[in-house]
Amino acid sequence: MTIEDEELVGEFVVESNEHLADIENQLLQIEQAGANIDADLVNKVFRGIHSIKGAAGFLGFTAIKELAHSLENVLNKIRSNELVPDSNNTNVMLRAGDTLRVLINDAANSNNVDVSEQINHLNQVLDGNAVGAAPAAEVPVEQLEVAEAPVVEEPATVTEVAEVEVVDSPEVVEEYTPTPEQSYEPEPVPAAPVSYTPPAPTSTIDTGAANKTTVTPVDSSIRVSVNVLDHLMNLAGELVLSRNQLMQAVASQERMGLDAAAADLDQVTSSLQEAIMQTRMQPIGTVFGKFPRIVRDLSGQLGKQCKIEIEGKEVEVDKTIVEAIGDPLTHLIRNSVDHGVETPEVRSRNRKPVEGSIWLRAFHKAGKVCIEIQDDGAGIDPAKLRKKAMEKGVISADRAEAMSDREAVRLIFHPGFSTAEKVSDVSGRGVGMDVVRTNIEKLGGAVDVDSEVGVGTNIRVTLPLTLAIIPSMIVKCGRDQFALPQANIAELVRLRPGEVASRIDRVKSAEVLRLRGALLPLVRLDESLGLPRNKSENSNAPMNIIVVETGQVRYGLIVDGIHDSEEIVVKPLGMHLKGENCLAGATILGNGRVALILDAAGIASKSGVQLTHDSNEAHEAHKESVEQNHTQTLLLFSSDPADLFAVPMGVVARIERVKTANIDRVGGQELLQYRGTSLPLISVESQLKVNARPDVDRLYVIVFTIGEREVGLVAPKLDDIRELSCDIDDETFKEPGVAGSLVIDDRVTRLLDVFELAEVTHPQWFTESREDVSEPEDNPPRILLAEDSSFFRRQVAGFFKNEGFETYEYEDGLEAWNALSQDGVEVDLVVTDIEMPNMDGFQLCQNIRNTGSLQHLPTIALTSLSSESDVMHGQQVGFNDYQVKMHRENLIRSIRNLLAASKGGKKNKPRRKLATAGS
């Protein structure tokens, strides 16, 4: 075959796979339409198969041409209303499409394959005869390599991104694979339709066949929007101009010209980087497209009725991640059908719709991609998991008794753990969920699960947008610098020398940090990497702790210093470091130094971080009785040495450090050019009586949300994050945007109400949101508020007053309970603090749930910053939601949602799990 012929074959493979890319979903839509034929859709599929037939005939691929011709005939009969598609003839067409895809991807050897059986099945459909089950690809066994694939293949990790090599890997039918022994014998054609039998084992055509011709791999190319290419061309021109400007400034040795040229070059290269990364972004719908077929086939195999609803197909992620998540998501979808959704008989007994539902959603959140797989099935029974785990020796009886239901459900991610009674081709091997978790974490992501028995299960996968360039925090350990991906960083904690002894304890010989009422395991980076301890370490120096999250593990990483954040380019490790689990790669910093990239999951594994539960259990055993009801975790910042401000951490979504040059002023409003969009900014200098903002090259932006809108609060200097228990003065410095003041380290600090500050700056945002709410003026919602702090009670009651709510205020839980149970106060919803004298919020909620006339009353827990243990306790006693006291937007939205739900009745969809603060 000449080079020209090889290029033609390569183009044929690419074009044919484009025609077949969405054929499964198209055929399923044709089946669902039944007699109501969608002529445009059928014509589209017909034209695609017709194009494949014509090109295959021109190139001499007879088997492909004949099979495509037979499938084309069936489609022609459908579009002429001579054949009504049903499940049986749709199965035949789907299998024909599968076989076409296999043949096309090994076109050079396709003529050696006998497709007569597939053509016969299609002809039987044309003749109006029922067709029995047939294998997915009718290819002779001697020409195939049959192998049972692992549940999830190893995806590219952060380490391997720089080493990716595109290989010729024919696309195969990714379906439910019975064991190789379960082959199918051709059956005689029955007189009546028969139930669908699942496809045969996944097969690939023997790549070792003689005279194999290598064609252009499909994965070696990618479609790029013309608009993106035009943008790249414009940026390339800007880059040339910036280069010329820089060269001229260097030649003339003008300092001011050099600074301006460097700033322009920085802006252009940043834009160029974003545009180039955009060329690799692909819609996640390319992965989601195969799941309707999977759900349809597997539910038929298992005798279940199940549908899937997909949202967010348009969400874009890096091509590397798109290619890597297919297998993990396939396993999760299969688990939902197999383990989650019940049989029609069971669902009918439980008064559920006979047809089960699976929801697959993708959306952007906080710079990451979130994927949810939710079903309305039986849920996961934590008691059953505990019992099975004890039988297998995974946990002890004492540990099982002490575990919360949420921790018990997470046992499904334990290696080799399965509750299946027998091993089948669908499940029961005990390797699936563990491999899913491992491979998601290798991509820099995380997976978690929520479940409620009888209601359903929700699995959440969080992934980075890209693996090529990673925002990271540069940290120091000894004389070396390391990069820690920001995706793993939850918060930064700095302990003053005097706080170290009081806040760091030892539990079972391991160091732990007291953080907001819980104990956090600590890991010293130098010990994990085997580095010598810094001998010059000053015992009077503050301790830097990075709170790291990876999967279900959360721990504090002790480092010697924390430097700037930086976007790094991932480079592979050398062979001598390949076995080091604590490292994920290497990078070159802006100063030219090489820095190793830390693997948060590897550090946790090497250090044996499994102390979270045990540490908190020990902590509860000797916990001092300290009043924490007025405790707030505050982020402290200053715009000037004389002006110190505090923001509740519960309202902070994230913190960014940006260049002042990236802030534009348009129409009197400051905007930050950020991740391809404009982030509106507010500042204390523009609204409050403070000194002017200092002229600095870089400053911080505290990002919070108002409804669906992100807003940034400019903070020239971050001072600290402090957990404080003190009185707040809401009179001396009270003004719009300031909730009150408090004294911290002998300095008066103003506590900001960021939502009120935003409302003063941009009142139209709040006007728009209130226009969407139509509450009758003569029947406002009645809210009971239980809060012992007079400051917070006035603040929250003020929120409610502004929304038009009628509020009943009480100083503790006992007063609130007496009002409900004895005084007969009728309310639509209860909002209560947790820690209160006489009766706390937990007891108040439990009393409400145990009283028949009140048990359905929506109840929200109000707290300064909730811990997971509080959330779990709240779920057990019956709270509907958990909200942060100063997060006005989330609190009001939660109240309106719960009021609407209580008025509208229960929905068919499973109710949401107890939300965490700030969610």
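Glycine too: its Cβ is placed from the backbone N, Cα and C atoms.
Automatic prediction, not curation, is the source of TrEMBL annotations.
What TrEMBL annotates here:
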{"type": "DOMAIN", "residues": "1-107", "note": "domain 'HPt'"}
{"type": "MOD_RES", "residues": "HIS50", "note": "phosphohistidine"}
{"type": "DOMAIN", "residues": "228-467", "note": "domain 'Histidine kinase'"}
{"type": "DOMAIN", "residues": "469-609", "note": "domain 'CheW-like'"}
{"type": "DOMAIN", "residues": "631-763", "note": "domain 'CheW-like'"}
{"type": "DOMAIN", "residues": "782-900", "note": "domain 'Response regulatory'"}
{"type": "MOD_RES", "residues": "ASP833", "note": "4-aspartylphosphate"}
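Note on the domain 'HPt' (1-107): DSSP counts are 88 helix, 0 strand, 19 coil.
Here the domain 'Response regulatory' (782-900) sits against the domain 'CheW-like' (469-609); at least 3 CB pairs are under 8 Å, leaving out pairs fewer than 6 apart in sequence. The residue listed as 'phosphohistidine': 18 other CB atoms within 10 A of its CB, across all protein chains.
Assigned with DSSP, the residues of the domain 'CheW-like' (469-609) fall into helix, strand and coil as follows: 26 helix, 75 strand, 40 coil. Neighbours of ASP833 (4-aspartylphosphate), defined as other CB atoms within 10 A of its CB across all chains, total 27. The residue listed as 'phosphohistidine' is 68 Å away from ASP833 (4-aspartylphosphate) when you measure Cα to Cα.
Using DSSP to sort the residues of the domain 'CheW-like' (631-763) gives these counts of helix, strand and coil: 19 helix, 78 strand, 36 coil.
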